[in-house]
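Below is one structure; the comments refer to it alone.
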Amino acid sequence: MKQGIHPDYSATNARCSCGNTFIFQSTMTKDVNLDVCDKCHPFYTGKQRQASSGGRVDKFNKRFGALGSK
């Protein structure tokens, strides 16, 4: 490997909006602000909600479903 061409690799702080902080190795020199992390993301916390919004087919059937029953 050539000397002096690679960026510095050091510890960087990451801070989530929920208040959780952790340290990881990166070439970034500034702290990283995150929107979600593994402590507050719904997938990892088990607080997922099922989306029950109807799609285009349901919308079509609501509008025109009664016409086909004549």
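Glycine too: its Cβ is placed from the backbone N, Cα and C atoms.
These features come from Swiss-Prot:
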BINDING   CYS16, CYS18, CYS37, CYS40  Zn(2+) binding site
REGION    48-70  region 'Disordered'
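On the structure: features taken from Swiss-Prot.
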| residue | record | Cβ within 10 Å |
| --- | --- | --- |
| CYS16 | Zn(2+) binding site | 18 |
| CYS18 | Zn(2+) binding site | 13 |
| CYS37 | Zn(2+) binding site | 17 |
| CYS40 | Zn(2+) binding site | 16 |
>> Other than CYS16, CYS18, CYS37, CYS40 themselves, what residues in this chain have Cβ atoms within 8 Å of the centroid of the Zn(2+) site's Cβ atoms?
In response: SER17, GLY19, ASN20, LEU34, VAL36, ASP38, LYS39, HIS41
> Reduced to three states, what secondary structure does DSSP give CYS37 (Zn(2+) binding site)?
Replying inline: coil
